[in-house]
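Below is one structure, written out as structure tokens, with a few remarks after it.
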Amino acid sequence: MVKNRRYEDEGSVFGIRHLQCFLLFCGLSVAYALRVNLSVAIVAMTDKNATNPDFDEYDWSEKTKSLLLSSFFWGYVVTQVPAGQLARKFGGKIMLLSGVFICSLLTVLTPICARLGDWQLVCALRVMMGLSQGFLFPSTHTILSKWAPVEERGTLGTYSYSGTQFGTVVMLATSGVMASSVMGWPSIFYISGGVGLVWSVVFFIWGASSPSEYRNISPEEKKLIETSLGSSSEDETTKAPTRTPWVKFFTSVPFLVLTLTHCTHNWGFWTLLTEIPSYMKNILGMDIKSNALLSALPYAAMFLMSFVFSALQSQLSKRECIPLSVSRKLFNSIGHWIPMITLVCLGYVSANDTNLAIILLTITVGINGATYLGFQVNHIDLSPNFAGILMGITNCAANIMSIIAPLIVGFIVTDEKNPEQWRIIFFIAAGFYFIGNLLFVLFGKVEVQSWNDAQPKHSTNGKRNSTFVESQH
């Protein structure tokens, strides 16, 4: 197997593609900080004695607070599919930039809107924030499909998407300090929104949708990316299919399996996000939300573990130990079936074993980081040309599941202090993890699908690249 040493050496240093992934990491960090800031700020907004008492207090009921916290996802689901199509048409940069900029601006306006229009205007604002953030993942996938060589797809994807956990950790860990400062709870919105506006300026200057749009990229790195992806700047436009094969999407078994896997993942993951604090408060007698650092711990673990799994995958790639298909399914199995086991164990933890419960919760969320190397980049495997659209479709379906899951919990758990009812919830989530990954293992594919190109390319290099695990080297 002959390799071009010049291009390989270029791939081992920090290049423009790594800069783009760092910008994506920062953008996703900001976006998730904007997404979760209200969940902490709303405590101070409704109880001035909890932090700095010199700021406005709002008499919002639990129902109103739940409405405000869920309103973000009403808009978020709506723009998922259109976002992928628009990112493909206008480029991932402009759509991602627009989404984060609008969301950041609306975040800065949140304290003013609360004062002028009470919870009704804040609710409308959160819906608009959800609409703008609907462009996030489809645009990111579209950019990665243009910048990440096949050999580095999993690694660069992990680096980029780990920003979601980093932003969550930073927001949860610092929001209490900001709310208690002289600037009070409004500073949570001003600071996070301000950082988002700064990122927008930086990304406008240095971000790019593809290597052909970045003037200062070296010829060696550009050639490395184009050779891996089987494209070039001259024929990039002409070879891309002009029509979106919607029917073929929904008759493709690998894509349907990917959609189901994404849905089952979100069911389990959002069961943890929304219901575990309630479980710990009512069954274990502790309130995890009262401690910001404790709340951030599982997400910090997921952030760190994603890099551990990425390093492990790089070693497997370096040694060419396993094919890409085995790698995807191996890491997806780690990210789903280990949390499946810990969820079941969590259902049997007694009220006296709070430390064990925190450990199990941290493992459950932390091990989820392996899925960055599994189903979460499989959209790009199946179709680099339509990766953003595919992500929009699966993320739309998956977030509908995220909305349904808490409703099912409310239907089953009629007595919040009944451990047997909570055990059923954990068994259901574990079952979804098991079934989703089983389908992915049995029917998931990593080969580029025939409907990706108007004129499918037959490249021995592409064939080789789809065989072995990606590496950042």
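Don't overthink the numbers, they just go from 1 along the chain as shown.
Every residue, even glycine, has its Cβ placed from backbone N, Cα and C.
Across the domain 'Major facilitator superfamily (MFS) profile' (13-448), the prediction's mean pLDDT works out to 88. Residues or ranges marked as domain 'Major facilitator superfamily (MFS) profile' by TrEMBL: 13-448.
Summarising the annotation, TrEMBL assigns transmembrane segment to 21-46 (among others).
What TrEMBL records for 94-113 (among others) is transmembrane segment.
Positions annotated as transmembrane segment by TrEMBL: 119-138 (among others). With a threshold of 8 Å between CB atoms, the same-chain residues lying at least 6 positions outside the transmembrane segment (119-138) that come near it are 28, 31, 34-35, 38, 58, 60, 64, 67-68, 71-80, 82-84, 86-87, 95-96, 98-100, 102-103, 106-107, 109-110, 113, 388-389, 391-392, 395.
When Cβ-Cβ distances below 8 Å are used as the criterion, the transmembrane segment (159-182) is approached by residues 21-22, 24-33, 35-37, 40-41, 43-44, 50-52, 140, 144, 188, 191-192, 292-293, 295-296, 299-300, 302-303, 306-307, 310, 369, 372, 376 of the same chain, each at least six residues removed from its ends. The transmembrane segment annotation in TrEMBL covers 159-182 (among others).
Residues annotated as transmembrane segment in TrEMBL: 188-208 (among others).
The transmembrane segment feature in TrEMBL is assigned to 249-270 (among others).
Under the heading transmembrane segment, TrEMBL lists 290-309 (among others).
What TrEMBL lists as transmembrane segment is 330-350 (among others).
Marked as transmembrane segment by TrEMBL: 356-375 (among others). Within its own chain, the transmembrane segment (356-375) has Cβ neighbours under 8 Å at 154, 157-158, 161-162, 165, 258, 261-262, 265, 269, 272, 276, 280, 284, 288, 294, 297-299, 301-306, 308-310, 313, 327-329, 331-336, 338-339, 342-343, 345-346, 349, 440, 444, counting only residues six or more beyond its boundaries.
Per TrEMBL, the feature transmembrane segment maps to 387-412 (among others).
Sequence-distant contacts of the transmembrane segment (424-443) (same chain, at least 6 residues past either end, Cβ-Cβ under 8 Å): 253-254, 257-258, 260-261, 263-265, 267-268, 271-272, 275, 329, 332-333, 336-337, 339-341, 343-344, 346-347, 374-375, 405, 408-409, 412-413. Residues annotated as transmembrane segment in TrEMBL: 424-443 (among others).
Annotation source TrEMBL lists region 'Disordered' at 454-473.
Of the two recorded stretches, the transmembrane segment (330-350) lies close to the transmembrane segment (249-270), with three or more CB pairs under 8 Å once pairs fewer than 6 apart in sequence are set aside. Outside the transmembrane segment (249-270) by six or more residues, the chain places 332, 336, 339-340, 343, 365, 368, 371, 375, 378-379, 382, 386, 389-390, 393-395, 397-402, 404-406, 429-430, 432-433, 435-437, 439-440, 443-445, 449, 451 with a CB less than 8 A from a CB of the stretch.
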